[in-house]
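Undergrad: In case it's useful when we look at the structure, here is the feature table from Swiss-Prot:
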- 9-229: domain 'Radical SAM core' (DOMAIN)
- R18, R60, T94, K154, R257, V258, R259: GTP binding site (BINDING)
- C25, C29, C32: [4Fe-4S] cluster 1 binding site (BINDING)
- Y31, G64, S118, M188: S-adenosyl-L-methionine binding site (BINDING)
- C252, C255, C269: [4Fe-4S] cluster 2 binding site (BINDING)
Amino acid sequence: MLPDPLCDGFGRDVRYLRVSVTDRCDLRCSYCMKEDVTFLPRNQVLSLEELDRLGVRKLRVTGGEPLVRRGIGTFFAAMGTHLRAGRLDELTLTTNGTQLAAHAQSLAECGVKRVNVSLDTLQAEKYARLTRFGRIEQVFAGIAAAQAAGLRVKLNAMALKGVNDDEIFALTDWAAAHHCDLTFIELMPMGDIPAGTRLDQFWPLDDVRAHLETRFRLIDNGLNTGGPARYVTVAQTGQRIGFISPLSHNFCTSCNRVRLTCKGELYTCLGQEGSSDLRPVLRAGVEGEALAREIRAAIARKPAGHAFGYGPCSVAGQMVRGMNHTGG
């Protein structure tokens, strides 16, 4: 099993593993990957059986878009067996929602209780432009199917100045009307960055909150879900809104998560290039304490924090790898 507890060199307990099952996606969101992205050869991607061998207690499945991975239903069924046997405590999914309608019922039957769905706009034309060819009605259908199957849905919206800053109220209203939690996320300097784009689009979440407060009364609720979000309750609706602010409110000192790419690289920080390659040991069938030693050694090297930053005229700490590679 994954060793528990895990502690890095700065005394932070690491309790949360995000596992990317694929770098492939049926969309090309401009802040996530290049339009002409080259995907990994399939023989470099960990098999689902190799991922199963990790033996984690809490697992968030990400991508790319995890639901485009061939055989993903079988993987979730295996994870469901672990849940029922008490070998896994929690199984969740982050998705763009386009394939969710076809999978929602089976995900619920496997023991998934909640899903995070990326939704940066409610406008079909803008959605197609942001994703480069996506159809927003597929996402709406996926959310409806997930809720019909009994899954709790949280919406993740990237705050993009000049792109969706005119929809903050609309997104909040839509989330409330459809009984979804909503989390706003600051734009990070990752992947392909056309000249000036990230500087122009970066919108500090303090400004987003201030904008929301011109219409809503937001109450800090002190909720701690073990992640980086700061939560408020909207007094008028009772809904929950989260703010993930890796730049304006750096949360590195309490970071408790690591990411495993579909290639087997363990990244202990989104904003640093250092990683540990677990693919050789997973492919060799290493399990138990031997695997735990490899993971402990990797987590001991977790850096103090990221180097992201936006200046008046420059972007600092850019990570060349895209989010589809690292795992969203």
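Positions of Cβ are set from backbone N, Cα and C atoms, glycine also.
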Undergrad: Look up R60 (GTP binding site) in the DSSP assignment and report helix, strand or coil.
TA: strand
Undergrad: Which residues, sitting 6 or more apart from C25 ([4Fe-4S] cluster 1 binding site) on the same chain, put a CB under 8 Å from its CB?
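TA: Sequence-distant Cβ neighbours: C32, M33, G63, G64, E65, V68, N96, N324.
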Undergrad: Given the binding-site residues C32, M188, C252, C255, C269, which one has the fewest other C-beta atoms within 10 angstroms of its C-beta?
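TA: With the binding-site residues C32, M188, C252, C255, C269, fewest surrounding Cβ atoms within 10 Å: C252.
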Undergrad: With an 8 Å cut-off on Cβ-Cβ distance and a minimum sequence separation of at least 6, pull the same-chain contacts of R259 (GTP binding site), or say none.
TA: L17, R18, V19, S20, T62, L266, Y267, T268, L270, T326, G327
Undergrad: In the same chain, outside C252, C255, C269, whose C-beta lies within 8 angstroms of the Cβ mean position for the [4Fe-4S] cluster 2 site?
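TA: Close Cβ neighbours, site residues excluded: F251, T253, T268, L270, G271, K302, P303, A304, G305, H306.
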Undergrad: Can you give the mean pLDDT for the domain 'Radical SAM core' (9-229), rounded to a whole number?
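TA: On average, pLDDT over the domain 'Radical SAM core' (9-229) sits at 89.
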Undergrad: Validating a neighbour-count step here. Other CB atoms within 10 A of the CB of R18 (GTP binding site): how many?
TA: 20
